[in-house]
């Protein structure tokens, strides 16, 4: 059943576990995510970006999610707009049936971010929709979001406290050292867990970890074995994800891992049978690989068996 984002995350916040927020761009990805939720008895945070909405069409995206909710009525599901860049984009998502939206004004100055977030919160709350915002800036590239290393800034905990109090946002994504994409760290992975814990203490709301793909060894191997190139890639270690949840993270965004796992299987089929053109032969193993990544993440973060 489709529910407000806060309905899922407040429970995670109170009970101290994390919920994976999984991006989709087509039916195959969505189907695999729902199958994983069903098999692991986990609530689902389904999200899609402005770029993916442009690709699928917003009515199609919402329609597919609603259809899957009818197939699995026992699973609490939030449909979330990831990285909404404007008020209009968030409003469009709310009107289309999303139950959670993110307004990402983190590239603006604090006061501008606060003003725009507050405007979105008022609009969304009037419609019964939850809102996420971001403070600090994550390095990396995701859809139309691109931030250089010199522009990446970690969150200020006191500013986070003020921001949450004044905006009344439902959950916050604090920048603590992760980055978008497959190339998250130049040296050894490092996240500012002390900063995270202070933000949690001062805000006392669900927190979100962006740039949280791990690029697990088995997924990396499958991609490389199929002829892919991930030179220099480095994800967030599993133990860091677990430590983040202990420090107050309740929503863990995951996109890159899903893409890599899916495409690895498509490449594999293409390499092994160059005469193959039955799409089902490509997408069936790709869905299974993606589902396994999602199931593993649900168990790691603690959302398995939380329905």
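Placement of Cβ uses the backbone N, Cα and C atoms for every residue, glycine included.
Since this is a predicted model, take the numbers as computed values, not measurements.
Over in Swiss-Prot, the protein carries these features:
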BINDING   49  D-glyceraldehyde 3-phosphate binding site
ACT_SITE  82  active site, proton donor
BINDING   83, 180, 210  Zn(2+) 1 binding site
BINDING   104, 134  Zn(2+) 2 binding site
BINDING   181, 211, 212, 213, 253, 254, 255, 256  dihydroxyacetone phosphate binding site
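In sequence order, 82 are the recorded positions from 49, 82, 83 with a C-alpha within 10 Å of the C-alpha of residue 253 (dihydroxyacetone phosphate binding site). In the set 211, 212, 213, 254, 255, 256, none of the binding-site residues has a C-alpha within 10 Å of the C-alpha of residue 82 (active site, proton donor).
Using residue 134 (Zn(2+) 2 binding site) as the reference Cα, a 10 A cut-off selects 83, 210 from the binding-site residues 83, 210, 212, 254, 255. Under 8 Å, Cβ to Cβ, and six or more positions away along its own chain, residue 212 (dihydroxyacetone phosphate binding site) finds 178, 236, 241, 244, 252, 253, 254. Here the CA atom of the residue listed as 'D-glyceraldehyde 3-phosphate binding site' lies 16 Å from the CA atom of residue 213 (dihydroxyacetone phosphate binding site). Taking Cα separation as the measure, residue 104 (Zn(2+) 2 binding site) is nearest to 83 of the binding-site residues 49, 83, 210, 211, 256. Residue 212 (dihydroxyacetone phosphate binding site) falls outside any helix or strand according to DSSP and counts as coil.
Residue 49 (D-glyceraldehyde 3-phosphate binding site) sits 6 Å from residue 83 (Zn(2+) 1 binding site), taking the Cα positions as reference. The Cβ of residue 83 (Zn(2+) 1 binding site) has 25 neighbouring Cβ atoms from other residues within 10 Å, across all protein chains displayed. With respect to their backbone Cα atoms, residue 83 (Zn(2+) 1 binding site) and residue 211 (dihydroxyacetone phosphate binding site) stand 12 Å from each other.
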